[in-house]
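The structure appears below as structure tokens.
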Amino acid sequence: MFLFDWFYGILASLGLWQKEAKILFLGLDNAGKTTLLHMLKDERLVQHQPTQHPTSEELSIGKIKFKAFDLGGHQIARRVWKDYYAKVDAVVYLVDAYDKERFAESKRELDALLSDEALATVPFLILGNKIDIPYAASEDELRYHLGLTNFTTGKGKVTLGDSGVRPLEVFMCSIVRKMGYGEGFKWLSQYIN
């Protein structure tokens, strides 16, 4: 219940209690997308099979409504990602911070998303997951491998106004330890209209 109250408190304090948003959860397979979605929905950790088909969940926290789409991350599932870009309010892109051998593949997918015109103004929250595992990448290391060292907008309340700059930031987290992703969603919530 603590996580629910904490997450609600953050979003409510930012004036999101009457907003609705369509959020895509994207990233390679085994990055933690489904685990995060179920942690936000049910506050419980469950072993999941790889996502074979796109799923959506309605998340209600207080008066906040999110429609979250978990599209799977294996190569076949990535082919349908484009089908969900219409009217999306935000993208949460998860990266397995421990699986350094797949950073190049994750960068290619992220680059394709960031260069897609349909997502040109959509805020991106990049979560480096699994920091609870020894030798997982640091935030600086992940930024470097994803090519984001000088391309993020800043973690605080950053007013972008009409600058045309896409909100984009990296946060490190451990979904299984329930740490880090709350700060990421707090940052993201300021850009959801």
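Cβ atoms here come from the backbone N, Cα and C positions, even for glycine.
Summarising the annotation, Swiss-Prot assigns region 'Mediates recruitment to ER membranes' to 10-14 and lists similarity to another entry as the type of evidence. Positions annotated as Mg(2+) binding site by Swiss-Prot, on the basis of similarity to another entry: Asp29, Asp70. Annotation source Swiss-Prot lists GDP binding site at Asn30, Ala31, Gly32, Lys33, Thr34, Thr35, His53, Asn129, Lys130, Asp132, Ile175, citing similarity to another entry. Per Swiss-Prot, GTP binding site is recorded for Asn30, Gly32, Lys33, Thr34, Thr35, Asn129, Lys130, Asp132, Ile175.
Swiss-Prot feature annotations superimposed on the structure.
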| residue | record | CB count, 10 Å |
| --- | --- | --- |
| Asp29 | Mg(2+) binding site | 15 |
| Asn30 | GDP binding site | 19 |
| Gly32 | GDP binding site | 24 |
| Lys33 | GTP binding site | 29 |
| Thr34 | GDP binding site | 22 |
| Thr35 | GTP binding site | 19 |
| Lys130 | GDP binding site | 23 |
| Ile175 | GDP binding site | 25 |
Cα-nearest neighbour of Thr35 (GTP binding site) within the listed binding-site residues, Asp29, Lys130, Ile175: Ile175
Cα-Cα distance maximum in Å, computed over every pair in Asn30, Gly32, Lys33, Thr34, Thr35, Asn129, Lys130, Asp132, Ile175 that the record assigns to GTP: 18
Between Lys33 (GTP binding site) and Ile175 (GDP binding site): CA-CA distance (Å): 9
Rounded distance in angstrom between the Cα atoms of Asp29 (Mg(2+) binding site) and Lys130 (GDP binding site): 13
